[in-house]
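> Pasting the feature list from TrEMBL:
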DOMAIN    4-86  domain 'PTS EIIB type-1'
DOMAIN    106-475  domain 'PTS EIIC type-1'
TRANSMEM  111-132  transmembrane segment
TRANSMEM  144-165  transmembrane segment
TRANSMEM  221-241  transmembrane segment
TRANSMEM  253-275  transmembrane segment
TRANSMEM  295-316  transmembrane segment
TRANSMEM  366-384  transmembrane segment
TRANSMEM  396-418  transmembrane segment
TRANSMEM  438-459  transmembrane segment
DOMAIN    496-600  domain 'PTS EIIA type-1'
Amino acid sequence: MDTNKLAKEILENVGGKNNIKDVTHCFTRLRFILKDESKAEKDIINHLEGVIQVVVSGGQFQVVLGSKVTKVYDALLPMVDLDENARGESEEKGNLFNRILQVVSKMFTPLIPAIAASGLISGALTAVKLLAAQNGTDISTNDTYILLYAASQIIFYFMPIFLGYTAAKALKCNEFIAMTIGGFLCYPQIDAIIQDASTATSIFGLPVIKGAWTIGEATKAFSYTGSVIPILLAVFVLVYLERVLKKFVPQILQIILVPGVSLIVMVPLTLSLLGPVGVWVGNVIQTMYTVLMDFNAILGGAVIGGLWGVFVIFGAHRALLPIGLNDIAVSGKQNLLAFAGAANFSQGGAALGVMLKTKSQDMKGVAAAATISAAVVGITEPAIYGCNLRLKKPMIAAIICGAIGGGIMGLGGVYGDAFANNGVLTIFTYAAGGMTKFAFYIIGCLVAFFGAAALTYVMGFEDVEEKKSTVKAVTNSYEVKAPVLGEVVQMSEVNDEAFASEALGKGIAIYPEKGEVIAPEDCTVTFVYPTKHAIGLTFDNGVELLIHIGINTVELNGNYFTQNVEAGTHVEKGTCIVSFDIDKIKAEGYDPTVMVIVSNTPEYASVEGLKISNANADTSVIGISI
């Protein structure tokens, strides 16, 4: 199937991009909000190769595609070219903490590739400079060194511009006005004015605040280049300023007056209030972090080195990135990612221990790739989700040895002069403090890596192959137990055409009495959709289940759902995978019926929902024949 061709055909037959207000997707379907549904050719789309079914429901034109929906959506999106603000309106929902994490992630995550590239170049330059110094050569005046060093510093020097764009995009205001404000803060003449504390400067009669800040033994004058918080405060105010202006400025004049007035207001406001406050807040944060590390750097390093992998699981590590970036901006160095490096190496080491210990060839392959990913380039998700968290004890080993490695780094006062992801490729970033501190960094990494590998090997774990050997395989027939307790409903009676027609696979529906999805037997949680309303399970005998909680509940954006198990985890029978609040889902106007579908139905001779009225613990609800 040609994904691009299918996306193009769907677009043409929903009335073209000008007929689309919004398009999103859930686990199985594209969800269009159309300006005029009469322009959509439902029958034509229904007969396109790759389309399972078209459903029109709840004001949405839904194209059911099954597992290929993500690829089709990715191909479709550039063709539609929707306004980001319109498409993102429903995204920031959920509790306050999750919304904050989501916004922070949107601000800083797009910068990570450029920051990582800068760190790689910076580390390589440091290594070459150290080697040259051993031969009595100073390469700091070499043209190539100077130009590459500049390339490694651009992302940090012009941080207000880059952050202005990502923050404006996340907070939904004019990105280019935000970038202009960031560029203004980095403009050389403005930077010179700000750092000239002896000369008074004003704008519209308002004083331009200047000054200096003492950190340890160093005194640093105000400078907005490389700063983080001033531009974030400016963009935050810009959001509300634009909203006010759009209420009072006539529509025909908004394209000129709203940006113009915004800039005229924001420039003096940033120089006289927001910028100085941002610098002060950034310096306070950096000072507090420094005081904490001075109080007990060993403990600080151990906490970050031990728990960084846990932060990754919950996505909370992204909320800590501004601390490291702020450190670079204020003091020119950071140790946050040094300690996080202990966690990276410990996760890679634990994966190595799994590779050496497991008898499963599949797990050996997963663990080997995860080891390289974590230790060489500093990407730990394959190790965490692929084997360590799944097998439990390797994760414990990684936490323990990451803490030890981080503590060693804290003891040695390790720091880096760039914001670089930790791995073998960037180790020389942490040579900035001299060879003694660098030695502590190397020792911390080695202890974290080999310690986690050895501890994982010694502690052992319940091997995947051992688990599989205790489970019966599907022979001539097999029955699937109920993952939810409640009243059994035949799939044909479900109030959703895609499920009722069994286009997604055969199965059964259950009107739940208790808001819990329970593992009906030992199985692997292959996925949990981000909004937690859809779950994939793979039994050890190869049966694959799709459990879909409610109809159109993707629109709840995860509200009233609680995920208890991470994707990739092998769970025992009876484990609660997702909990959900039936009453609150119903109160929002959604049908809470749970669809239980054998998603690999075509692999079996027959799959049938059993004729029963109620599902209790250990009740068989689906029969399978091969």
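Placement of Cβ uses the backbone N, Cα and C atoms for every residue, glycine included.
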> DSSP helix, strand and coil counts for the domain 'PTS EIIB type-1' (4-86)?
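When I sort the residues of the domain 'PTS EIIB type-1' (4-86) into the three classes, I find 39 helix, 22 strand, 22 coil.
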> Short question: which residues 6 or more past the ends of the transmembrane segment (438-459) have a Cβ under 8 Å from it?
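Tertiary neighbours of the transmembrane segment (438-459) are 301, 305, 338, 341-343, 345-350, 352-354, 356-357, 375, 393-394, 396-398, 400-402, 404-409, 411-414, 422, 427-428, 430-431.
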> Suppose I define contact as three or more CB-CB distances under 8 A, residues 6 or more apart in sequence; do the transmembrane segment (396-418) and the transmembrane segment (253-275) meet it?
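Output no: the transmembrane segment (396-418) is apart from the transmembrane segment (253-275).
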> Restricting to the same chain and to residues at least six past its boundaries, which positions have a Cβ under 8 Å from a Cβ of the transmembrane segment (253-275)?
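Counting only partners 6 or more residues beyond its ends, the transmembrane segment (253-275) has Cβ contacts under 8 Å with 174, 176-177, 180-181, 184-185, 203-204, 206-209, 224, 230, 233-234, 237-238, 241-242, 245-246.
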